[in-house]
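Contents: one structure, followed by commentary.
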């Protein structure tokens, strides 16, 4: 069994990205700029945002956090996004989710111009992804693809079971895997007997946020296991995932830990996406 060490891979990619950004900056060009919008004070979002900004600063991306009270008028938030869209010195705009309950998240995600949609959630970028065109890909799905590639795990002709069909992870990841010639089975909350769909899978990717939904009896020997879930165990207070790691690892060939697997790959992919958009903006302005 080999641990898919997202923390280690992300650290190396971080060094590579820092070097790429330095080359532009040494030529006298501006640094890439990422703006993060946060509405309200969700505790988990506070942690995620502070980490994203920390990593951005470490690789040489200028980051700005715009905080808004949960009672901000919806029109005011739209206007701010539009203002950022028109700022030529901004390369990426990230809307930290979740928004307060009375905000329709999709409306604000679609308000971000596709050329600054660092999360790859705009319907134009999603449509390009669907058709297999070059575009900005959602961070967690692309991070997973990159992690598999780092360990020379091909998805071509593999039977892959994906559990969880969110717009952020499951749906885009399923499409990206299809575009890479994998055979995909997608399970949602209404799927009966998930084990029937996982037991013969070469690769299992679980993104439900439900603790230990994947157990050792549900996988075949030497399966590859990707755990996207992250939950705090109410008993031990430790972070765990969808997968019963200690037991499943004994049967799998490769497996991601929680934490230290998919999470670090998501963050570095966000930075890489910001750099991709930055390069496009810089080249366009020449």
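Backbone N, Cα and C define each Cβ position, glycine as well.
Taken from Swiss-Prot, the feature NADP(+) binding site applies to 164, 165, 166, 230.
Less than 8 angstroms from the CB of residue 230 (NADP(+) binding site) sit 209, 239, 240, 241, 258, 259, 263, each of them six or more residues away in the same chain. All chains included, 24 other C-beta atoms sit within 10 angstroms of the C-beta of residue 164 (NADP(+) binding site).
Here residue 165 (NADP(+) binding site) comes close to 171, 174, 186, 187, 188: these same-chain residues lie at least six apart in sequence, with C-beta atoms under 8 angstroms from its C-beta. The Cβ of residue 166 (NADP(+) binding site) has 15 neighbouring Cβ atoms from other residues within 10 Å, across all protein chains displayed.
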